[in-house]
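The structure appears below as structure tokens.
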Amino acid sequence: MIRTLLLSTLVAGALSCGVSTYAPDMSRMLGGEEARPNSWPWQVSLQYSSNGQWYHTCGGSLIANSWVLTAAHCISSSGIYRVMLGQHNLYVAESGSLAVSVSKIVVHKDWNSDQVSKGNDIALLKLANPVSLTDKIQLACLPPAGTILPNNYPCYVTGWGRLQTNGALPDDLKQGQLLVVDYATCSSSGWWGSTVKTNMICAGGDGVICTCNGDSGGPLNCQASDGRWEVHGIGSLTSVLGCNYYYKPSIFTRVSNYNDWINSVIANN
């Protein structure tokens, strides 16, 4: 019990979490632009190995020194993975960046890749070695359990995903503002309908900014009243109609629905 409580404090409410040495450039947020280098220091690139090379596949968030939060659909049972931390341009050797192998993967037991709309698209990656925090590598905060963000709450998506449907993958980390769409709206006909569940968050839907292929698993960053950034969402779904489609906001796994699961996995592994 003591161990579980301690982990809950360290992971979900760490005193040093959610603060960046290099503050995000908020003036760049509205149009989906290149992020200020290392301004989202919990953002990681999840990469898989193929023929001796490493390739970006998804994003993720560092939530403890040995643990990364990502989406279950990013994981293949046969894959070999590593994460890149403290990186801005994925194709340039950068001072302060770090590559760490993934030693264990825990996918939520209720995730079903054949029934994606049921949700539970969440996984935890244990790193082979705990990482030291630096000005370029920091922990994300998790939101308090059960938190539901109000309609139009401004959050910010970050990642190395495609800039548009079938578009190119960027070299540099991108960022963009997404407004939360409440469940009542997002689950209505003409929006996502019954695809959306209460264990998800919708954000965007303006036809301009959204997540796209390669952003999956990455954070939906929302600022708390104390100024710290909390990861409220994990990139999960976009519309088959395209990445930037009206009334089809990006869908994220709602992290505040899984605090107990996250703490339990870390405590027992």
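Backbone N, Cα and C atoms are what each Cβ position is placed from, and that goes for glycine too.
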If you follow Swiss-Prot, the disulfide involving Cys202 connects it to which of the following: Cys186, Cys212, Cys222?
Cys186
From the list Cys155, Cys212, which cysteine is recorded by Swiss-Prot as disulfide-linked to Cys243?
Cys212
Could you tell me which of Cys155, Cys210 is bonded to Cys222 by a disulfide, according to Swiss-Prot?
Cys155
I want to verify the bond table. Which candidate from Cys17, Cys58 sits on the other end of the disulfide that Swiss-Prot records for Cys74?
Cys58
Given the model, what does the mean pLDDT over the domain 'Peptidase S1' (29-267) come out as?
92
Using C-alpha positions only, work out which of the active-site residues His73, Asp121, Ser216 is nearest to Cys155 (disulfide bond).
Ser216
Cys212 (disulfide bond) - helix vs strand vs coil (DSSP):
coil
Based on DSSP, name the secondary structure state of Cys243 (disulfide bond): helix, strand or coil.
coil
